[in-house]
Amino acid sequence: MLVTAYLAFVLLAALCVGLELAARRALPPQPAPTAVANPAFRGFQTLFLRGYLLALWADWLQGPYLYKLYRHYSFLESQIAILYVCGLASCVLFSPVATWLPQAIGRRNACLLFCMAYSACCLTKLSRDYFILILGRVLGGLSTSLLSTVFEAWYVHRHLDVRDFPREWIPSTFTRAAGWNHGLAVAAGLVANLLAEWAGLGPVAPFVLAIPCLGACGWVVLWDWGKEEAEGGLLGGEKGGPLLTSPGTVPAMAPASRVSARVRFWRTCLEGLRCLLSDRRVMLLGGVQALFESVLYIFVFLWTPVLDPHGPPLGIVFSCLMAASMVGSALYRLATSARYRLQPGHLLCVAVLLAFFSFFMLTFSTAPGQPRPRESFLAFLLLELGCGLYFPAVSFLQGRVIPEERRAGVLAWFRLPLHLLACLGLLALHGEVSGTGGGEAGGGTRHMFAGCTGMMLAALLAVVSLFTLGRNDAELRLEGTRGEGDM
């Protein structure tokens with residue numbers, strides 16, 4: 001497995017470069033966007049990315065060795081499953097809070113809260129006490145919820161309401177962030193492997209490294225973003241809030257503003273639920289997202305115990321998985337280019353099929369007493385390849401079927417069954433490996449992969465239903481290809 005992991009990384013890295021070049025050649029030559037030529041926008045974009053990418057880097061550093069760290073502390077697999085459940089449950093609880101918090105305490109302060117909470121989460125990894133580790137998972141759930149909302153909220157508010165840049169320029173920033181995000185994920189695996197295994201510092205080392213990275217992110221948010229707010233004369237909360245006069249000023253929202261923020265939050269949730277229930281396309285897309293992404297949480301828990309007994313370098317394996325996702329992302333851009341003109345709906349179907357086939361393979365490669373780690377590794381790579389296709393495809397479809405003003409509320413409802421399904425799956429695995437389910441650890445893992453296979457079959461049926469419903473729906477097609485055959 002050691003040689004297999006390194007060879008896979010080299011091949012995937014070469015494939016990423018080749019597909020990236022092919023995807024760029026497939027794009028027709030276009031004049032440089034106005035945003036690229038605007039120095040004020042470029043400076044603001046760089047300012048945002050400096051803080052946001054540090055946050056993403058600290059998050060990725062913690063991916064490769066989380067399970068390994070718990071095993072290093074001699075916890076049983078059933079105990080580790082409960083730790084993961086605590087993290088997911090806190091995501092469920094804190095997701096609505098993370099949506100409301102930027103309005104309540106200010107967007108920049110919410111970003112600072114992320115840095116502090118995630119730093120505290122990393123510090124808990126230095127303890128072997130189980131309850132302190134549970135607290136760390138709760139803080140990790142809060143931090144993950146904040147990462148997915150508060151940075152974007154700060155940027156969009158500054159971009160539109162303060163800087164008054166065109167709305168059409170927003171995707172430019174998040175496209176750059178997505179490109180960097182893939183590279184950071186691959187690099188995080190290499191750095192984590194260097195610290196934990198080559199340098200012999202153990203699985204806690206990547207978490208220790210994440211703390212100064214979060215400190216640097218907090219410094220950028222506090223001072224650089226604070227200067228940006230002070231120069232722009234930004235109101236601390238919504239209009240009518242206190243003026244920030246210095247980078248370190250903490251806004252104090254008036255009671256009426258806090259009430260207004262809560263009212264807006266609940267109104268957003270209710271409007272999102274109404275949109276979800278009134279449009280069958282939105283309902284089907286939400287079902288696909290809940291099923292597909294919930295099994296990804298289960299995969300995040302299971303890939304380490306499946307492969308680690310066979311001695312692969314976990315950091316390199318993690319980099320391979322992230323590189324496979326990069327391959328999927330490059331394939332998506334190549335497939336949807338003017339040369340090939342495949343529709344996002346087609347690629348969503350391919351992604352779900354790849355996930356179905358991957359979990360089907362894993363039900364056989366993880367049979368108790370007859371493990372086949374190379375086949376399991378290949379299945380994990382195929383799953384990540386499917387993820388690279390899935391996320392841009394589902395993002396495109398969400399942008400077409402969910403009204404922009406209701407998107408935040410609808411996506412919040414999407415995440416609720418997603419996390420609940422993942423928690424139920426991990427609790428079921430906990431029952432298997434702790435003896436209450438009547439199986440051993442290997443059998444529990446295999447049963448979980450079989451359950452994931454069934455969930456992917458249900459997701460595939462939902463995708464087919466979405467195709468049938470939207471066969472002649474121009475909104476679900478890429479621009480320039482509408483009317484050219486069925487979806």
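Cβ atoms here come from the backbone N, Cα and C positions, even for glycine.
When TrEMBL is compared with the stretches 138-157, 158-177, 238-257, the one noted as transmembrane segment is 138-157. Touching of the transmembrane segment (377-397) and the transmembrane segment (315-335) is concluded from the presence of at least three CB pairs under 8 A, sequence neighbours closer than 6 excluded.
Comparison of 138-157, 203-223, 282-303, 347-365 by number of C-beta pairs under 8 angstroms to the transmembrane segment (409-428) places 282-303 first.
In this chain, the transmembrane segment (448-469) lies apart from the transmembrane segment (81-101): fewer than three C-beta pairs between them fall below 8 angstroms, excluding pairs fewer than 6 positions apart.
Packing against the transmembrane segment (282-303) from elsewhere in the chain are residues 63, 67, 80-81, 84, 88, 275-276, 317, 321, 348, 351-352, 355, 359, 380, 383, 387, 390, 394, 397-398, 401-402, 410, 413-414, 417-422, 425-426, 429, 445, 448-449, 452, 455-456, 458-459, 462-463, 465-466, 469: each is 6 or more residues past its ends and has a CB under 8 Å from a CB in it.
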